Every structure is written in structure tokens, then in C-alpha cells.
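The transmembrane segment feature in TrEMBL is assigned to 12-36, 57-82, 88-106, 147-165, 177-193, 213-233, 239-258.
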Ligand code: NDP
């Protein structure tokens, strides 16, 4: 494809605007009215707490049902996202850009002093726009940070499914495509089953909402995490049975470590006495968990996520680095993030954190890093 046609495909159309508008409107309405567990967020500096309605799974299943029915009635085509991938990408990018300008302007004007809405201005416009100035901005009662993460994770699944539909339509469905689709779908469904764990993650509790997070959620996650699927549409890979088994093994181990570690921390935060792997937990200074996965490495959850990311790319074989974009990016991101989190925790927990470091010397991968 030459540059001219590529640029042409990137031009946003009214159709892509309509698809995005429908998606956001659906999520806003479904998120507000569908039933779901109301989960209290972390206690903020001023002692307040936000509450999150965790109804992502039911919203996702209902949307899948609506789209399935609409396609049966020939109102929409299941390949519409795959067919309009590039224009949807540029439309979402423009949306992220505009919405963060609005967030910046509204944030600057606010006189609200609560921990959620108080503006944090560094005076550097670019920095403030990039990192955001408010912790938890809202729109019509919707917590925007939680909303955008949900949109990004769901968007990723629907892009994948549309690619899947296209590969069936083109008659190119392969073992590789099935494995890639299966692993990603399980990961995303699992994310929504455990959506409440998201409420205690770094993004939600510590990161302000600026372009970095909005772009990351809406553009980066759905459009770059699906690269393997786009790649498989035009590349054929022959997978041997042994490779398929090794691939499944990587996924299962990655999943157990990722979900196990995140679950242990979440349970510990709610009940610091809850047993870990059947034994009373080892706790440092009454605040830090040092048993289970958190006694193996200080960020074992990142290790699990990295193995999962690798399992999403292994179905593409080794002939090209392109499908490995996601695991490579994640390795860089999580190493950087681990350093930032380490600095935050060292400042927050001081001598308790130093004790934890002594007890658990490995950052992510025991005996390596
Ligand atoms: P964590 O969920 O690991 O949260 C870090 C926080 O947990 C710390 O700031 C601290 O917060 C608390 N904490 C750290 N160590 C301990 C301990 N030993 N005992 C008790 N509390 C502890 O990090 P993230 O939010 O970065 O990641 C959450 C998940 O999301 C991970 O599995 C990660 O892999 C995944 N992720 C995936 C990305 C992707 O692009 N696929 C991007 C980013 C994250 P506190 O002050 O509350 O104690």
C-alpha cells in the first residue's frame, strides 16, 4: 500500500464518528443503568472515597448480543471495524486529543478542592495536558478514568472479533488466528469478571487523567494490542502441535501468576489476615504483603502479564517482529512503571518498604531482575 492510499484510509469519516459515538453512548447508558457491584475505591488524601459500579461484564455481553442480533438482521456487518480500522484509529485519536483539551480547560477553572477534582498545575502546559491535572474528573456523574479503561478493553475485544469475522469471510481462518483470538478473549473476559480489582490499580489510584492515559486507554490498547490479528489476516503461519501446546502452557502459567498476584493483593487490602496459599500471610509493618506471589518478586503480577502478552504473539510464529510489538512494548512499559511505583512506595512506606526490599530482593523475575 502506498503512502497516498494509507493517508486516504486514515481520514475520519462520518461513519467512524457514528460508530464511536454509538459505542460511547452505549457504554455511558449501560454503565449507569445495568446492575453491578458497587465497589469502594482507595481512600483518597482528604479521606473521601469514590465508588465504582462494576457492571463491565454484563455491559459487554449485552453489547455483543445487540451487535450479533443487528448482524443477523443485516443492519450492520460484523467486519465493519476491520474494514474501517484506520479511520476508526484516527477518529479515536482526534477524540482523545480534543477530550484532553477540554479536561485541561475544565480542570484549570475548577474551584473544587477535593482530592478527586483539585487541579494539580505544574505551570508547564504540555506537561499538564499530557499527565492531566485532575485525579478523577467526571462527566454527568460518570468517572471518566474508569469509563475510558473500560472502553479501551472492550474496544480491543470488538476489534479482534471483527478481524476474526473478516478472516472467516475471506476463508483464511487458521489455528494461529483461533489461538490468538481465544487467548485475548479469555484475558479480556477475565478482566471484566474481575473488574473490581481495577479499582486498586496504580492508574486508578495514582495517575491523573491526561492525554497519556486517555490515549493509552482509547487508542493504544485497542489498536496496538490487536496488531497480531491484523498481521495474521495477511500472513499465513503453520503451527506444529508441540508449538500449540507450548503456547497454551505459556498462557496458562501467565494467567495463574497474573491473576493470582493481583487477587492476593486485592484480598490482602480488604482483609490483611486472609490466608495466602492456605497459610496466614507474612505482613510487613501491618501494611505490605510479603507472602504468596508478593514474597517471590515485588511485582510478580507484571511477570504474569508479560507471559500472557508473549502468549498472544507466539501464535504468529517467529518470521516477523511485527506481531511482537505488544510484548516488547509491555516489557518497556512495565519495567519503567515498576521503577515509578517503587519510588512512590519507597516514599509512602519508607522503612517498611526498605524492609520489604530486603526480604524480597527481586523486582519482577526472580534471579534475573
Ligand atoms: P499494582 O497493581 O502492582 O499496584 C501497585 C501498588 O500496589 C503500589 O503502588 C502499592 O499501592 C501496592 N503494593 C505494592 N506492593 C505491595 C505489597 N507487597 N503489599 C501490598 N500492597 C502493595 O500495579 P499496577 O496498577 O501498575 O498494575 C496492575 C495490573 O495491571 C498488573 O498486573 C499489570 O501487569 C497490569 N497492567 C497492564 C498494562 C497493559 O498495558 N497490559 C499496563 C499497566 C498495568 P498502595 O499505596 O495502595 O499500597
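Heads up, the Cβ atoms here are built off N, Cα and C, so glycines get one too.
Note on the transmembrane segment (57-82): residues 19, 26-27, 30-31, 34-36, 88, 150, 154, 157-159, 161-163, 165-166, 169, 189, 192-193, 195, 233 of its chain, located 6 or more positions outside it, place their CB under 8 angstroms from a CB of the stretch. Sequence-remote contacts of a segment are chain residues at least 6 beyond its ends whose Cβ falls under 8 Å from one of its Cβ atoms, and for the transmembrane segment (239-258) they are 174-176, 179, 183, 186-187, 190, 293, 300-301, 303-311, 314-315, 317.
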